[in-house]
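Reviewing the structure listed below.
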Amino acid sequence: MKAITAASMRRTVPQRTKHDSLQLIRKASSSSAIAWPPADPWNAIVEWRSGDREAHVRPGPLSQWRTTVKMNICTADMRTTCSSKMMSDWHAGYDATAVSRLRAAGADIIGKTNCDEFGMGSCNIHTFHGPVRNPATPEDQAARAAGGSSGGAAAAVKAGLCRLALASDTGGSVRLPAAYCGVYGFKPSYGLVSRWGLVPYADSLDTVGLLANNSDDLALAFDVINTFDPQDPSTANPDLRKKAAQNEQSCVDKLINGTNLQGLKIGIPKQYFPKEVSKSAIDVICSASKDLKARGASIVSVDLPSTPRALGAYYVLASAEASSNLAKYDGTHFGYRAIALDANGDKLSDIDRREKTRSEGFGEEVKRRILLGTYALTADFFGNYFLAAQRVREEIKHDFNNVFGIADVRTSRSGAQAGVDVLLHPAAVSAAPKLSDIQEAHAADGGISEYVQDVLTTPSSLAGLPSLCLPIGQDGDGMPIGVTITTQWGCDRLLWPLARALHGANQ
């Protein structure tokens, strides 16, 4: 297989994209002279903040950064619909902790982004607001998927509608859209960023993440939201954070600067190249590996044997938690409430009305996952499915700790001797698929082909590890291709110098 080098990528002339229109909209969205809100032909931002945008300028490190918030994260001044009919007119009345932190740092929250309903989806087609279209799609091609569930966030960043997007990642919901749209997507270590104000899908997996057009913006925004929050019992306590920071600093000290990676050991997992991975994705990894090696990094192959079982375990666990979390949406306390009459006009009982409310209020994908999760939690199948998936999750954590030379401060386990500092692997099995292909496949196979999109992102989610997706190249159709770098829990800042090195090699 012929590798694609950084030099050859620079020589490659990509297909003409919607460059002119994209640049015009980016210029317009940053201008104070045009009508507000700016044009959004991608259906990325589905609710805009009311009022004059200049009235929201605040001092701080993120001052005047146009920032969007995913529709499943609470904001005081805009709806939080979770892209669901069930929550179509719900106003939280308060800001999530991460939103409050961004506002305090000067960020200008301009709107709420489209997403898959309650965060359940990989292509942003399961949404009350309509599917998101990928701004990176070449002009002469059919509309492509923006990825999910945070497709609106990635599309908004790519289109220049915002500088920063706050979103959530449960099994790849930040990283997959970033890969498809050609932007940077960061899932922090689970527990470093408060989940308070994030509408839950799967509590043990849900992570507040960020998207931007470069790693420097992500690093600055992460420093703003990376704080202990007593309102969220899942946030890492100060003592654990201190241990992680010491661990992290010892690794960062290895790196002299962004161009010298001497002493950094990078592992490429054998199991992250299933048959579904495209040649373009493999070629980009080969190119990135050569560039990193040229900068002094050591590149080795590593073994993560439990990886093939991660996707199945993820969907069992996430669906089981969703079944529990979404049980409260029955029209009794808040949200959509169905008319309490049957087809004949007769009054429904309370139980029948709740059934009607949930049937009408939830989309098909959400109902499918609720049923799957409920099935896995029943007495007859709890051991064979839910507990078995929990065991796979522990095996996956064990696999990661076996290859990382950095200690996992959440446990008493020390780092593996001769272990790696960072893992490098494809961000997705391929470039963004056509929206029509995804919709047809979903109708034919019930979503199985869509679930496969998450095969490379779910392992690090199950282990709670920090992962960063960044754009590196393009496929033959001119669509973005990304890579993902992952490191040990709590060592999130180790990813920034490596991202800068990869970015520099790609220029």
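Keep in mind that glycine also has a Cβ here, set from the backbone N, Cα and C atoms.
Annotation source TrEMBL lists domain 'Amidase' at 58-493. The active site, charge relay system annotation in TrEMBL covers Lys70, Ser149. Residues or ranges marked as active site, acyl-ester intermediate by TrEMBL: Ser173.
Here the features listed in TrEMBL are placed on the structure.
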{"residue": "Lys70", "record": "active site, charge relay system", "DSSP (3 states)": "strand"}
{"residue": "Ser149", "record": "active site, charge relay system", "DSSP (3 states)": "coil"}
{"residue": "Ser173", "record": "active site, acyl-ester intermediate", "DSSP (3 states)": "coil"}
How many neighbouring Cβ atoms, not counting its own, are there within 10 Å of the Cβ of Ser173 (active site, acyl-ester intermediate)?
37
Taking the Cβ of Lys70 (active site, charge relay system) as the reference point, list residues of the same chain whose Cβ is under 8 angstroms away and which are at least six residues distant in sequence.
Lys112, Thr113, Cys115, Ser150, Gly152, Ala153, Ala165, Leu166, Ala167, Ser168
Return only the integer: C-alpha distance in Å from Ser173 (active site, acyl-ester intermediate) to Ser149 (active site, charge relay system).
5
CB contacts for Ser149 (active site, charge relay system) [other CB atoms within 10 A, all chains]
34
